Amino acid sequence: MSTARTENPVLMGMSSQNGQLRGPLKPSAGPGGGGTQTQQINQLKNASTINSGSQQQAQSMSSIIKPGDDWKKTLKLPPKDLRIKTSDVTSTKGNEFEDYCLKRELLMGIFEMGWEKPSPIQEESIPIALSGRDILARAKNGTGKSGAYLIPLLERLDLKKDCIQAMVIVPTRELALQVSQICIQVSKHMGGAKVMATTGGTNLRDDIMRLDDTVHVVIATPGRILDLIKKGVAKVDHIQMIVLDEADKLLSQDFMQIMEDIIMTLPKNRQILLYSATFPLSVQKFMTLHLQKPYEINLMEELTLKGVTQYYAYVTERQKVHCLNTLFSRLQINQSIIFCNSSQRVELLAKKISQLGYSCFYIHAKMRQEHRNRVFHDFRNGLCRNLVCTDLFTRGIDIQAVNVVINFDFPKLAETYLHRIGRSGRFGHLGLAINLITYDDRFNLKSIEEQLGTEIKPIPSSIDKNLYVAEYHSESGEDKP
């Protein structure tokens, strides 16, 4: 059965006959992402965006801090996140962001993001990156990797120079938008730090026009930035730092040659930072060729997030939708992401979910870019509880309201499984991963358990809400009634 090319993002089945529609959600802005709705709408009008700097300058001028003032009193802090956190993010050395001698304007942006103290990956990365040394960092999904490289990147900018000084390469368009939003928010008090996102699927001419103005930081997908470099539009001869986020994907066969071509255009004394949850042989080869005495960070004693509880349910293919309906009726879902193995199955499942009476978005790579942007933006802002998607949505995407991930189709690769379930349990919070397993999936299930050194348990008749529902926990450890 074929499915036509998707022309519009679909909000499916906005009925309220089930318990899932309880008004708009407001995901908290945590260390992996977030941002104001206005910023996100502006970002998503075009996939390639640049902050003007004028707003940031105005903010800085309106809240000038004189020496000796208690500058922290002027900060507009978000509500404190009282959800329980696991040792993935709490097992730190006790450092403070102020220990790294960062610019006060940068510290203001950090604290206003709600980042109170550095996570383990940030503690390890920030001082080394500030020293100018290359880094090979391995850390779990959702533990603060974006902050680990954006903070030193912004600290090292010289805003007096009218040139691109840093570049962040990511594998997907949605991740590029997310990282650029974080970068703009963290740098908003720096008075003129200009950040541009550029991705494929958007108007190249718009990017060329934006690069005529001052740009300090470029956040891009590989193909688009290489195109701009080859056209002589993106001048990269003054770049001092390049970051490869999700390095294992960027150095896979899909992107390897493009990444090699990009690296060859950069100055020889540039700093390279590699971040990923997994490091296959391709990453090791790249490190040997291009990194100079890299500082290696490995915070991966175990691969899966401590806060994610994993279950499986044995079903036939025909029972999957019925099983999903049962899960929807019994689980207390804040937001869920449901993975399928093909674009066609994504659309078919989204239609089925809407027929069951549940609200549902879907997203996959065959959709037009502006529609992907809108779905990403609206789901992140809590306009819908459930998102059906392909593996397009597994890389780095940080939506902290997601507490349940369902593998409607079980993946074949351990790496894919790891990235999928990492969409819940972000930044040390709790989450649930449920896998629908057919007879043909049973060998993959066993293999993935062995490769990841994890246990995927049979699903019980009733799942304890303390395992995945945020409001059942507080920092004091007391359960709410």
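Glycine is treated like the rest: Cβ placed from N, Cα and C.
If you look up Swiss-Prot, you'll see A139, K140, N141, G142, T143, G144, K145, S146 marked as ATP binding site.
Feature annotation from Swiss-Prot assigns domain 'Helicase ATP-binding' to 126-297.
Per Swiss-Prot, domain 'Helicase C-terminal' is recorded for 307-467.
What Swiss-Prot lists as motif 'DEAD box' is 245-248. Helix, strand and coil counts from DSSP across the motif 'DEAD box' (245-248) read 2 helix, 1 strand, 1 coil.
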Sequence-distant residues near the motif 'DEAD box' (245-248) by C-beta distance (under 8 Å, 6 or more away from its ends) are 145-146, 149, 168-171, 175, 179, 274-280, 282-283, 286, 395-396, 415
Least Cβ-packed of the binding-site residues G142, G144 (other Cβ atoms within 10 Å) is G144
The correct three-state DSSP answer for K145 (ATP binding site) is helix
Here the mean pLDDT of the domain 'Helicase ATP-binding' (126-297) is 92
The correct three-state DSSP answer for A139 (ATP binding site) is coil
